[in-house]
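K.L.:
What follows is a single structure, and I will ask about it in a moment.
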Amino acid sequence: MKFAQVIVDVSAYPVDRPFDYVITTEWEELIDIGCRVKVPFGPRNVLGFVVGISEQSDVPVEKMKAVAQVLDIESILTPEMLELAKWLKHQTICYEIDALQVMLPGALRANYEKYALLQGEVTQLVPQLQPYFDKTTKVNITQLEKADLLKPLKRAVNDGIVVIENEVKQKGQIKQVRKVQIAAIEQLEIVQQQIGKRSAKQLALIEWMKPYAGAILMPNVICETVNVSTAVLKGVIEKGAANYFQEEVYRDPYKKEIVHTDFLQLTDEQHEALTKIKQAMDDVRQETFLLHGVTGSGKTEIYLQAIQRAIADGKEAIVLVPEISLTPQMTERFKSRFGDEVAVMHSGLSVGEKYDEWRKVQQGKVKVVVGARSAIFAPFKNLGLIILDEEHESTYKQEDSPRYHARDVAIWRGNYYNCPVILGSATPALESFARAKKGVYTLLTLQNRAKKQALPTVHIVDMREQLQAGNRSMFSEPLTEALRERLERGEQTVLFLNRRGYSSFILCRDCGTSVQCPNCDISLTYHRYQEKLKCHYCGHEEYIPQTCPECQSENIRYFGTGTQKVEEEIFKLFPQAQVLRMDVDTTKQKGSHEKMLDAFGRGEADILLGTQMIAKGLDFPNITLVGVLSADTSLHLPDYRAAEKTFQLMTQVSGRAGRHEKPGEVFIQTYTPEHYAIELSKEQLYTPFYEQEMQVRHMAGYPPYYFLALVQVSHEDVVMAAEYAGRVAEYLRSNLSFQVSVIGPTTASIARLQNRYRYQCLIKYKVEPNLIPTLLQLIKLYRSEWIKKGIVLTVDLDPQMI
Ligand code: ADP
Ligand code: ZN
Ligand code: ZN
């Protein structure tokens, strides 16, 4: 007898280990390690993943339940993934099921339909099955399940008469398309002779087919081109002039016509960097490179040539970009070099499209994946290179379970395949640069822009002086002048608002309160065109109140400098200017971001106005002016990384100007021009910034000098939340050594979210061997007792925001 070890999809279960199930003979041949199964758990059947198969079990057979159903014919989890899941579980303290699920496209987690596809003849099936397949080759399995026909179906599967296919019920799914493969030329001639003079149409068709011998064509195209009916085509196919051919057609989410680009002759700096990367590839050795290059230094060209090398070695590459739907230009550069070898994976795709891209990778139909965070799990089996572009971006950290950082997973997979990992950035994360300085990563530096263009001239405008001079507008004198010049010369400008562009809110002028979300401790955001207030955390929406909910005053108005307001201001200053406003409101539709960028690239607007989202990857020759309207907004966030993030943002946006022939100019407006994050971004002086910021971190006891861990507790009842947060703090203090500081419990930065009160304890430590065991004990306590009381406890071993 055989047993399957199954990780079940049951969250919040106190123990996290595989359960043993009997494999009945019915499923014996179908089941494999890495397959999904349905297994009984408690009163119902749940989804599970087979992580092992054995001949023995410690559990007595009579107490054991049996696998109810095997869901996959081929394993969907490779041995690598099973190993990676175990590592993720320990690394991030999560349930193993979460670690397994995160590697799969959503479509394979739940929402799919299973079909039985007939491969042979209906008459080969047992009589009970025949009626189902009589008129169609594809039957939904649920139908057969209801009729208790799974066993005969299984036999048909084993005999190869039927195959099982998962299908995602979404648009964009893989379609089975029936095509026609034309026979070889000799065969065509034989068929032609057979036909003799009986059918002129058939003869004409065969004559037409000859130049296409061996080709796979669409039947309707053939009929239309030759102007014959399908019956004629069918006639010659029956005589052996062609075969029907089932082909999987993927929907391509990236339909745009791409022009192929060739290799660029590398600069000396680029060449030196690439040589080191290739050396690691030659040696088949894991090495992590931190590629630190100023904006426009040609990091992407290095990625492209390194990937080319991986492909030439018969291997595959993963390229991670922070938010791919926001960087169409970046995707295009990979597509234009590697064409159809590239799959694209990002959150903007439908479930079906994501599944398609995943399948392409799994079936080895592509060599390169370009995608956002989760693409790090692309199911390649022979990786030769992993790249994280803009490696400092916080989007690489997942904020739900499993709370992993894509950088860590990249290095894990790099070790698994003995392949290099490239972390690229103009402004590396402090942790990464510190590791490079220590020699943990190999530092590669590009100091010059690839086309020898000078870095843009950056002016810092002191807005306090503007105010004193009586200018209350959000446009300073110098920026207005520069903008006027650009409009006169027909050059383009990018205006950047350092915040989420829509964050205006309603404020009462009498009592000073803003309208809050009823479920969260957050001001609601004013959406002008819909005349609505929305919560960006829980999705709550309401109409704008006529009076203040607190004091009933009618004196309420909207505040905040959203992009819409800037747009109005520009209109007042330069009514003739064409403005493209890019924010969450104008880019809601799929692909609209890309369309707007294309329009801007074609010169259809003078000014591109937007938030962070336009800072990335923008590369147009006619942009000669960049304006940052308020550099300070990100400096004052309650975040120990505020200075670092501001420096990164300023450097990024400045890098958008003057990337080609025409020189660029940048104006940064600020009320704190003396702040080092702003001053040093002027000339992209990363190293001095690094040194200064490291001192600040050292004194305040933050990473990279100290490690952080965050334990959050939430409950619908504020007293319960506070009480259990207190227990957490006590537990941590009594179990961790004295060198560890436990701060809290304090209320979380958002004290209430989706109607749950949130408290947290922050742990700061340098070395603490007891940390993980203590946290595991705490989690055990939580999973076995607290959970029943409605507490939710989460642990983040690498919190990005605290
Ligand atoms: P980064 O990724 O470092 O910001 P890019 O790779 O986007 O820089 O390069 C900036 C510009 O320089 C792009 O237009 C790119 O095509 C060009 N470029 C890069 N490398 C070279 C090179 N070796 N020779 C000429 N142009 C180059
Ligand atoms: Zn009021
Ligand atoms: Zn809310």
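Each residue, glycine too, has its Cβ placed from N, Cα and C.
Those TrEMBL annotations? Automatic predictions, nothing curated.
Marked as Zn(2+) 1 binding site by TrEMBL: CYS508, CYS511, CYS548, CYS551. Residues or ranges marked as Zn(2+) 2 binding site by TrEMBL: CYS517, CYS520, CYS535, CYS538. Under the heading domain 'Helicase ATP-binding', TrEMBL lists 280-446. What TrEMBL records for 543-700 is domain 'Helicase C-terminal'.
Looking at the shown structure, can you explain where the listed features end up?
P.N.:
Secondary structure at CYS551 (Zn(2+) 1 binding site), as computed by DSSP, is coil. Non-local neighbourhood of CYS551 (Zn(2+) 1 binding site): CYS508, ASP510, CYS511, THR513, each in the same chain, at least six residues away, with C-beta under 8 Å from its C-beta.
Look at CYS520 (Zn(2+) 2 binding site): DSSP puts it in coil.
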K.L.:
To the nearest whole angstrom, state the Cα distance for the pair CYS548 (Zn(2+) 1 binding site) and CYS517 (Zn(2+) 2 binding site).
P.N.:
14
K.L.:
Rank the binding-site residues CYS508, CYS520, CYS535, CYS538, CYS548 by the number of other Cβ atoms within 10 Å of each Cβ, and give the residue at the low end.
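P.N.:
Across CYS508, CYS520, CYS535, CYS538, CYS548, these binding-site residues, the one with fewest Cβ atoms within 10 Å is CYS538.
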K.L.:
Just to be sure I understand the contacts, which binding-site residues have a Cβ under 6 angstroms from any atom of ligand 2? Candidates are CYS520, CYS538, CYS548.
P.N.:
CYS548
K.L.:
Using a 10 Å cut-off on Cβ-Cβ distances across all protein chains shown, tell me which of the binding-site residues (CYS511, CYS517) has the largest neighbour count.
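P.N.:
Counting every other Cβ within 10 Å of each candidate, the maximum falls on CYS517.
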K.L.:
Could you tell me which of the binding-site residues CYS511, CYS517, CYS520, CYS535, CYS551 have their C-beta within a distance under 6 angstroms of some atom of ligand 3?
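P.N.:
Listed by sequence, the hits are CYS517, CYS520, CYS535.
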K.L.:
Around the Zn(2+) 1 site formed by CYS508, CYS511, CYS548, CYS551, which additional residues qualify by having Cβ within 8 Å of the site's Cβ center?
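P.N.:
For the Zn(2+) 1 site, the extra neighbours are ARG509, ASP510, GLY512, THR513, PRO549, GLU550, GLN552, SER553, ASN555, ILE556.
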K.L.:
In three-state terms from DSSP, label CYS538 (Zn(2+) 2 binding site) for me.
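P.N.:
DSSP assigns CYS538 (Zn(2+) 2 binding site) to coil.
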